[in-house]
Structure formats: structure tokens, C-alpha cells
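Undergrad: Provided herewith is a single structure, encoded as C-alpha cells, for subsequent inquiry.
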């Protein structure tokens, strides 16, 4: 590639921004007794290094599950073990059993930050670069611009390098991206393997699993279930089973082990939501405290039904008409459905929606940029708690400028470029005067941006009234949730009308 | 909405570049800052809380005011904003005070004053003709030049990590160069006079300004063969230039003259009591000289030619900024360095006088002045290399030969800044930024001049690639070896000697190219 140096420059910019953000504070810095997610990660290194594998997920005198017990799948634990070996080499105090609790030092922070950077450099960044290089339909310049925008996405940078998420998002998202890459370019086995690794790294990746499943199933159907399709299906099934077996090997020896890990991974006895999340349940509780009114099992059933119904149409569409483009959009809408309606959602889970949105950045630059800004904004209360205001604002502005200059987003707001052409045409059959959609969307964007700016300013400068100490964070969640609902509708419209559009030219042919 | 579109339109790459680097600077706020941070805080306090008569006498802190008066006034102006951030930083006795608000204010003061630099770069981009523009935006000389200047590695780490105000000072210099290119000589002269009274290090390049203005502005015509036409001298122009310089100097030094403090001011500005080399040797001729001395003394001791008792104990690399004696070679006095510098500058000045080549020739002479004084000056800081690197960027997009010299000079010069940042968290930043700038500058200039002969020969390529292993050795291997305690100075020594070779080479090549360039008359005939 002739422009490799620009690509290198772009990756280096991404890395520099990541490292500069990592100089800031992290979650729970100097806040005993529980500290924060940073301590959780360190604690897992301590546990995995000092205890035999059978005791990792069990409560014992050496492993108090109430204190940041391991609640992620085995791959995370292996990764922690690997980091622990390096830590042991540098300074054994960092992971000494019991005595290292709450260990904090400048050198240790540097070590932890470096582990994130290395994981990112090995898994996420190559996936992004490769994904964009493989895009055939856009020019080289646009591909480089896309890499820049994806690497500058502030949400991921701030959570991984600022907040220090208790799991390396870049690893799980990176694996998922490798999965998307594989599946989109017909290396199905590789794709499904990568995606299995993603799930085994972080169970939240299940948000993406249905589109993967539907897309691969659709592919099999397309090839004919009696011939090649069946072979592919068998191969896929074997890959998935083998990958899972490999990851879970040490835990499959006893039934109790497996069950305990599963119990740790899916803590259904926790509430419908924790803290402040920009999803429907949390926002709805402003009016009605569902959490207190409904019994626990009903909450689970309701949330399950809502999630299932909300993602059903997109998934069916994808199974019937599998296409890489439809796949990406379905990934967005499914992850968004999960985020909005499912049980026990974290505010950081929005990153799972953001990843596929990043992938469609060049298709619908305007809407993607908007969504990615809102998604970062929705984590504002969390970021403020970690004193990350400055890097948040700066990276958001940088991301916005990068998107605006490289995709000139404000010139791409016609119906065509919003991918709403076919939808508008169908609506116009009933309402001929339906031509104002792009204008409305543009105004909504302005309105949304102004609210975000105002809310940020208010949160930072004003003290909330004494009666409502959480006023601003609730408002942030509520506003973000409204935005997300709008996006959910938008993406579903694209999916539903896009496949129709895809069939039409064939009919003409 | 329309404003948004204009601000973010695809054509507006310049503002995107400028905004992008500004945001990067904001991200660098929490990084390490050197004692220069305290120096400038102290100056804020001095100018804010003391009367003018005390500015150059105050010595509570060891970091006394040693910049010319305009800079003091600049700090005075800043201090009136600073008081809204944190009143405490304006107290002279609050030594080493750095609250988070102080940090924020000081960092932002650098970022905001850089606006002048951005404007200067914008003006410079307008006045370079460069090679014929390619189709692609990223291959246009203007684009490349603005990246090279705006995203300059040296400025980023010296100003925004190490902490100094080089950005707006370089902005003033670039702006005055741009004005000379635009034939607005009076403005250029005015800006340079102002700049001199901000930071006197720019005296190094003053000869270029003086001769150029005299030769190409005061003399209004040339003979056909390019030599001077004596009767075309314009007294009006000379007097107006003189008046400008005089007025600016009067404004700056007048108050101190009135207070009868001029000798004190000058003794602060030119502290010859400091040593030949800075704590860390700037990669110049004296670094090579001292290294040679060191080698000779070691050899002498080995061969028993030297008496061990006569060898002075205070070695140059022990980190003290004091006088010191060379062992074998003759010791260097300030006067000797001054003479060397003058001798080094003279040929370029002659060149500027006898074969004037318009603003481009001036620019080359200016760079040679800056480089020569960097090579031979007394107590040179490694940061002074920026004085040559920034104007050299302007030349680099014009000719392949200049591009090649620029790349060698910049890469080695920037690498020699590495020891400024020695803390672990900044290590990845400096490496990443250096890689970013170096890879971009080399590749983009190669693309720009791809139709001409390769920019580097094998020797230069080998030398530049050698910087990689050097860095690996100094930062990653050496700290784990047993020499670390015995010879802690080895990485610094290696760095400065290695870089001195490259910078000397670049200086030499630039000199050769300037001296061997045919005069204007002949090039026109060709």
C-alpha cells in the first residue's frame, strides 16, 4: 500500500492519545476499603497466581468473593494469570496473597496501564486496521480516515485507559472484531473461533451472539442445507464446541465447578439494574420504581420478553437475507436492544453497541458520529467520578473533529446518505408530503448536542439540590436513553428497508 | 449551522490540523514538567508583586529573571489572568508551588499563546511556492509544511511537557520571516526587533536579518550580474529601519535605562559564569571536542602518559553546571567560542551579501547562523536546535536537497531532546511522538520528491537507523547492566556524541549547498 505511512501515523496518533489518557487517574484511586475496578483487576492477578485453578471461582478464606471475586469467564482469568507472572517478575509485592490488597504505586499504575496498551496493540488495533484495509468499496484515503476515527473513539479509550475497566474491553471487543472480519470475508471458521474467544473473555459479548448465529445460519441456508451448507454448519458447530471445550477444560472436570462458574458469570439475583444506566428500566424508574414494585422473577421475565421481541425482527431478516452490510447493522440493533431492555446492564456495556457502530462509520457517517458522541456522554457520571472530565472533553472534541473533517458529515444528511431513501419512499406512498425527515434529523442532532453540552456544564459547575443528589446523573441517563431509543428505531428502519432495497435490483434484473 | 459547516468542512484541513494538535496539547497537561515550570511561576510572582525597579534584582528563588524586558512584561500580563486561578502562585516566597490550578493555568497559557504560532504557520504556508501541487491533499507542499510545523515533535515536548514558551516565540520568528517573503520588510524588521526583546537567544540569527535588510532592502537595485549597485542606496529605508529598531529597544530597555539598571539587566541576560556545556551536552562541536578529550585522557592514563594525580576529578558529565577543565586538549574560554561562532557565521553572511538570492537566500543564511551558533556557542541548550529546525521546515518542501538535510537535522536534533524527558510515564509518549513525526516527515517528503534522486544515501540511512538501537540501548538495556552505577553518564554521552555527528554533518552539507549554489543571475540563464 502506497499510503502505509499515513496509516502508521494514524495508528501512532491513536496510541499516543491512549497513553496520554492513561496518565490520568483511575477508578477507585486511593479510596479504601473497596477501591475500584483497578483494584479488581489487580486482585484477580493475585487470586489466579496464588490459588489453584479449582478455587478461583469459589469462596474461601483466601478468596473472598465479596471482595472483587472473579466474575468473568475463564479467558479473563488466564489473562490475569499471564499478567500476574509478569508482575511477579517485576515486583512480587504487587500480587502477594492478602498483603497486596489495595496496593497502589506509581510503578504499579505504569505496569497496569502497559498491560492494557499491549493487549490493545496485539488484538484490537490490528483488527481495526485490517478491517478497514479490507473494505473495498471506499477509497484508501477514506479507509485511513476510518481507522483514525475508530481508534479515536473516546468511549473505549476513556474506559480502558482512564477508568480502568475491570476487564480489558479492547481484548473482548478486539476478538469480536476479528470475528466480524472473519465472518464478513468468508473465513467463517476463523470468525466463529475469534467470536468464541470473545465470549469466553467477557460474557457480555453474548449481546453480539445472535447476529453471528443468524448470519452464519443464513449463510448455511443460502448454500443449501442438503449440500455445502450442511457441511459448513457441521464445521462451525465443531469449531464452536472445540473452542469452548478448550477454554473451559479445567472447569469441566466436575459438575459443581462448571455450575459455580456459571453462577458467577450470570448473577441473576442482582437487581434489574445497578447505579445509573441509560437503559429503559433505569430511565423508566424516574416515574415508576419497577425494581421495588415487581417481584424479582417477574422482572427477569419482563426484561427477557422485551429484549427478545425487540431484536426478533432484525434477526429474522438477517437469517433470511444474510449480507455483510445487514450483518453489521443487525449487530448494532441487537446490541442496542440488549443494552436497552435486558437484565443487569452496566453503563459500560454501551461499548458493545459502539463497536459495530464504528464499523458502519463510513456508511452512515452522520448518524454514527452522533451515536458515538451520545454513547460517550452516557458514561459521563462514571467518568466524572474518576476525575476524567478533562480527557473526556478533549477526546470527544478530537473525535468529533476527526469525523467531521474526514467524512464531512454535515454535507451527508440527505435521505440517500442517511440510508432512509427506501423508507421515505414507502412512507410517501401514504403521505406524499413526507420530505422533511433529513431536516428533522439535523435539528434533532443540534438539539441533542446542545442538551449534552448544557448537561455537562451543569453537572460540572452546579451543585445538585439537596433533596435530589443524583439529579444530574439521572438526567444524563434519561437524555441518553431517549437518544438511544431514537437510534434503535432508526437502525431497525434501516435494516428492515435495506433488505427490500437489496431485493429490488434483483427483480429488475 | 452554517458556521459549523464552514468550521468542519472537508476543505478546511488547516483548522483541523491546528485543532487536533491543540487537543493533543491539552491531553499532555498531566505529564511531567521540569524546573522551568517553577522558573516561569517565579517570574509570574516577581512581575506581579514587585515594582519594575526590583525585577532584575530579586533573588529569593535561584531562578532569577534572565529574559529581556518584553518577556517580563509578558509574564506581568499573564499574572493578571493568573490571579483568577490561584492567588498563591503569585507569591515570591512560595517556592516550588504547584497546585492543580497553577498547573492548569500555566499549561493553558502555553497552549493559548501558541495561537500566534498557528497564525504564523498559516502565513508561512501562504508564501511558500513549493513544488507544483499534486492532486492529493496529503501530497501538497502546503499540507506537508503545516504538519511539519504544527505537529513539530520538538515544540510539543519542549513546550507542552518540559514546559517553556517557545511556541509563540517561534511564531514571532516565523511570522517575521513570512513578512519578509511577502516583501513587507518593515513589518518583518519590527517583529524581529520585538522578538529579540522577548528572548535574546535570537541574537544568534540577527546577523542574517541585518545583512539581508541592508543588502536587499536598503539597496534597491542590483547590477545585471547580481553585484551591488552602490548608488541605489536608500537612506529613507535605512533610517526608517533604524527608527523601528530604536523605538522597540527604547520601549523595552528605556525604563531600565531611566532607573540606571542597564548593567544589572545585562549581567542577568548574559551569564558567562556558567559552563561551556549544559548539564547534558548539547550535541554540538564542543560535545565532540569534550568526548575526544575524554577519550584521550583515558588513553593517556592507560599508557601512563598522564599523571593520574593531575587529572581533575570533576568530570564534565557529573551533571554540575560549573566551570570545568579539559584534561588533554586546551580548555575553552567564552571568548574562544565567540570567535569560533563568528568565524562559522561569516561565510554565510558573505554569501548573503555577495550573491543575494531573495528571501530564500536569507532563510538559508538565517538557518546557518542558528546552526553555527548552536555548533560553537557557549553554554548551548539542546533545545536551541529548534531555532534551526523550524525555519528549515520551510526550506524542506522546496527542494529535494534541502529536504534531505532537513530530515537528518530534524531527526537527530529531535532525538537529542530525548534526555529532557527521563521519567518512565513519558517514555512511551516521547517514543510514539518521535516515531509519528519522523515517519511522517521522511515518508511525506519522499513522496513529494519521489521523481528525483533518493533523499538519503546508504550512509545516511544507516546513521538514521542507528538511532533505534541507540535508544534501545540507552533506555532499555543500559539500566539493567552493572555499568549503571559506575558510569551513569554513558547514555547521555552516547546520545550527545551520536547526535553531534549528525548535526555537524547536516550543518556541513547545508553550508556546502549554500556556498556552491550559483548566484541568481546564473540560475536565471539556465
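Just so you know, glycine gets a Cβ as well, placed from its N, Cα and C.
Sequence annotations record features per position, and here TrEMBL assigns transmembrane segment to B:12-33, B:104-122, B:143-158, B:188-214, B:234-259, B:335-355, B:361-378, B:429-449, B:461-483, B:489-508.
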Undergrad: So which of B:12-33, B:143-158, B:188-214, B:335-355, B:489-508 has the most C-beta pairs under 8 Å when paired with the transmembrane segment (B:104-122)?
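TA: If we count Cβ pairs closer than 8 Å to the transmembrane segment (B:104-122), B:12-33 scores highest.
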Undergrad: Can you tell me which recorded stretch out of B:188-214, B:234-259, B:461-483 has the most Cβ pairs within less than 8 Å of the transmembrane segment (B:335-355)?
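TA: The stretch I would name here is B:188-214.
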Undergrad: Against which stretches of its own chain does the transmembrane segment (B:12-33) lie, if we need a Cβ under 8 Å and a gap of at least six residues from its ends?
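TA: Hits for the transmembrane segment (B:12-33): 6, 103-104, 107, 110-111, 114, 118, 121-122, 125, 137, 143, 146-147, 150-151, 156, 160-163, 421, 423, 425-426, 429.
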Undergrad: Check the transmembrane segment (B:234-259) against the transmembrane segment (B:188-214) for contact, please; criterion is three or more CB pairs under 8 Å, pairs 6 or more apart in sequence.
TA: yes
Undergrad: So which of B:188-214, B:361-378, B:429-449, B:461-483, B:489-508 is most in touch with the transmembrane segment (B:143-158), counting Cβ pairs under 8 Å?
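TA: Looking only at B:188-214, B:361-378, B:429-449, B:461-483, B:489-508, the most contacts with the transmembrane segment (B:143-158) come from B:429-449.
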Undergrad: Among B:188-214, B:429-449, B:461-483, point out the range having the most Cβ pairs under 8 angstroms from the transmembrane segment (B:361-378).
TA: B:188-214
Undergrad: The transmembrane segment (B:188-214): which same-chain residues, six or more beyond its ends, come within Cβ distance under 8 Å?
TA: 67-71, 74, 169, 172-173, 175-177, 179-180, 238, 241, 244-245, 248-249, 252-253, 269-270, 345, 348-349, 352-353, 356, 361-362, 365-366, 368-370, 373-374, 377, 384, 387
Undergrad: Six or more residues out from either end of the transmembrane segment (B:429-449), which same-chain residues have a Cβ under 8 Å from its Cβ atoms?
TA: 28, 31, 131, 134, 138-139, 141, 144, 147-148, 151-153, 156-157, 161, 396-397, 400, 403, 406-407, 410-411, 414-415, 418, 421, 455, 471
